[in-house]
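Asks: Quick one: the structure is below, and I'll ask about it shortly.
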Amino acid sequence: MSVTVATLGFPRIGPRRELKTELEQHWAGRSDAASLLAVAARLRAGNWAWQRDRGADVIPSNDFSLYDHVLDTSVMVGAIPPVYGWTGGPVDSATYFAMARGTQGEAACAHGHAAHAAGGVPAAEMTKWFDTNYHYLVPEFSADQVFRLSSTKPVDEYNEARAQGIETRPVLLGPVSYLLLGKARGGDFDPLTLLPRLLPVYVAVLRALADAGAGWVQIDEPCLVLDLNDAARAAYAQAYAQLHAALDGTRLMLTTYFGDLGDNLATALALPVDGLHIDLVRAPGQLQPVLDGARPDLVLSLGVIDGRNVWRADLHAILARIAPAVRSGRTLQLAPSCSLLHSPLDLDRETALDEDVRSWLAFAVQKIGELAILARALNTGVESVRGELDAAAAAVASRRTSPRINSPAVQARVAGGSGQEGRPTPFPARQAAQRAMLDLPPFPTTTIGSFPQTPEVRQARAAQARGALADDAYEAFLKEEIAAAVRWQEEVGLDVLVHGEFERNDMVQYFGEHLSGFVFTRHGWVQSYGSRCVRPPIIYGDVARPEPMTVGWWEYAQSLTARPMKGMLTGPVTILNWSFVRDDQPRETTCRQIAYAIRDEVVDLERAGAAIIQIDEAALREGLPLRRRDWQAYLDWAVACFRIASSGVADVTQIHTHMCYSEFNDIIAAIAAMDADVISIETARSKMELLDAFVGHRYPAEIGPGVYDIHSPREPSVDEMVALLKAAARRLDARQIWVNPDCGLKTRKWPEVWPAIASMVAAARAMRAG
Ligand code: GLN
Ligand code: ZN
């Protein structure tokens, strides 16, 4: 039996982000549903042809989505919350997009909080898909939830591919993961209790696919790599026993990815399925236990090519790693570790990329080619692909030894670190010194850093990038923006000012462009949610900071005012978590390198005169590993990196940090260990409940809980903000409290920001007056 190549899912957005463009046209009312569906069909056809041509034998269908595959699953099973007014029958596109985005324009912010605009319906909640930067729409169930088959999408797309001569393996999100990813409305029951009601819908879908001719169905159960309780494990056994009993003929490839089956291995291996996919990139060690424990007739799909990163693979190493599986005589498929959704599409389009770096990379299309080479090596002998294997080996060797990657100075600096970096003086003494120096009023006011990125700001940046605006004209433009922002901040009465971040396209990209060891693609977009795509930087080499990145802007801004101007930086952990990271050294090592680069910037800002420096760690919590047992190790090095970045300054220099909406309770010890002098967090929408994590001895330093929910276009009143500050003052010592909005002012318009911040300052003054 020969080894075949399988893919589990493919990027949906298209080589030129056609899906994004078309969705935005559709939402703006400039293109109708038929046009949208036609674009989607063309993208699917292209994706299928691409996969076939590059050598995939097993090609997925129903992996495409107009917005999100979890939302598609909710639609498929008819789990549409009542607020959307759906009364049965097929779910129309208006209802679909209402769930995705709400019905009042921009309905969800980057953090997944739906905006509850007056009169409209809110979008469903959005959250991160495991530890990727893809976001899914959280299914919401009621205790009396009824499920019914409400979509023909899986069958339609299977038939569509077939009509093009491509036999596919349809993909479904498995019933147990689907329920585990959802939430109970009201929170008063366990969604898993709905399993018996859900399964008949899955049976119906699987039967329909079998009737259409599908021999195999891929059923994704990524929750099998999470910490599960006994009830969840039992649900797996129950679900698959029931599906097995109801199916005749259709075979299931159960896929797991993003980690190790670990303590769920026995559960997974006992399921009556026909195939099992395991992630051997994240968890290479699970191959042997799976080989030892799996039924002899279980088809194994080996996820050997990294679906979540951009590096060309070491094909020889993979062949060696899977040799035991080959020797076992089992039926094998070779696959990416997970869906290629998380990988950029096609490296061939990156014609402007540095040649060396390009030779080290593989995007989705190239990854399928790598799998095809591996399969040929196994099926027709390594000699038949000697040239390809040697080329891959040469690329790996060139990357390993390249002076472009290796900076002895950077490596020595990281190696020379004590691992105990931190500020020498404890917080209370620093606080006293800073108070004497800064002389701020109680309830000092500030903002989180960015101000509106107006169309003019974006246009100027784009013009400068294409050479249509000279560098000095661009600089003069930005200085005017900064000057106007400083004037307004003084007038409105803010105590600690910011320059506004007008020069930054993005809080990570800006720094990546100024650090060595980073490259940027032109077209390396990856879906973040719906039509939103990100183009993460690629960290390919040792990271250093050749010269100051922000000092000039800060100096200019500070020169305009006598009030303290905050230096504004992105922290090392956030830069790491929002980039493609090199795979030839531990993430921790790369993070330490970034930390030293940021430290240099912090020291230079202080030397230039900055009394307050903010180091944002928006994505610190996002980096938490999927399994609890791995949390502490991550938090230890993440905190160490923040301390490296922030501890090069004198006691009087005040270090701020910032974190976006998070569950803070279970990481509060780590946040305290970061030892910042002030932290701002987003809390406005949580009514200060998120602040509870910081109460008492758990957090000694100063805190700015967001009082203005900038994710909503609604203008907050003074009273509302006073009420929030009073709620904060009930939990904290008044002298601990700063007054600031939530983050993301760059996404609002100036006419919204002006009155809201004026009200915020008024609220702070009311608090001072007592
Ligand atoms: N300083 C950044 C800003 O204000 C922080 C962004 C963020 O927290 N995501 O935009
Ligand atoms: Zn934030």
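Cβ coordinates are placed from backbone N, Cα and C, and glycine is handled just like the others.
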Asks: Going by the 5-methyltetrahydropteroyltri-L-glutamate site in TrEMBL, where Arg17, Glu18, Leu19, Lys20, Lys128, Asn133, Arg532, Cys533, Glu622 are listed, which of the candidates Trp86, Trp216, Trp488, Trp578 is also part of it?
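Replies: Same 5-methyltetrahydropteroyltri-L-glutamate site in TrEMBL: Trp578.
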Asks: Among Cys641, Cys743, which residue does TrEMBL annotate as binding Zn(2+) at the site that also has His658, Cys660, Glu682?
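Replies: Within the candidate list, TrEMBL flags Cys743.
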Asks: According to TrEMBL, Ile448, Gly449, Ser450, Asp616 bind L-methionine; which one of Glu501, Glu503, Glu663 is annotated to that same site?
Replies: Glu501
Asks: I'd like the Cβ neighbour count for Ile448 (L-homocysteine binding site), meaning other Cβ atoms within 10 Å of its Cβ, all protein chains included.
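Replies: So the number of other Cβ atoms within 10 Å of Ile448 (L-homocysteine binding site) is 27.
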Asks: Of Ile448, Arg532, Trp578, Glu682, His711, listed as recorded positions, which ones have a Cβ less than 6 Å away from ligand 1?
Replies: Ile448
Asks: Assuming the binding residues for L-methionine are exactly those in the record, Ile448, Gly449, Ser450, Glu501, Asp616, what is the maximum CA-CA distance in angstrom, rounded?
Replies: 13
Asks: Write out, in the order they occur in the sequence, the residues of the chain not among Ile448, Gly449, Ser450, Glu501, Asp616 that have a C-beta within 8 Å of the mean position of the C-beta atoms of the recorded L-homocysteine site.
Replies: Thr447, Val498, Met507, Met568, Gln614, His658, Cys743, Leu745, Lys746
Asks: For Glu682 (Zn(2+) binding site) and Arg17 (5-methyltetrahydropteroyltri-L-glutamate binding site), what Cα-Cα distance in Å is obtained after rounding to a whole number?
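Replies: Cα to Cα, Glu682 (Zn(2+) binding site) and Arg17 (5-methyltetrahydropteroyltri-L-glutamate binding site) are separated by 31 Å.
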Asks: Cα-Cα separation of Glu501 (L-homocysteine binding site) and Cys743 (Zn(2+) binding site), in Å?
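Replies: A Cα-Cα distance of 13 Å.
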Asks: Note down the number of other Cβ atoms within 10 Å of the Cβ of Cys743 (Zn(2+) binding site), including every protein chain shown.
Replies: 27
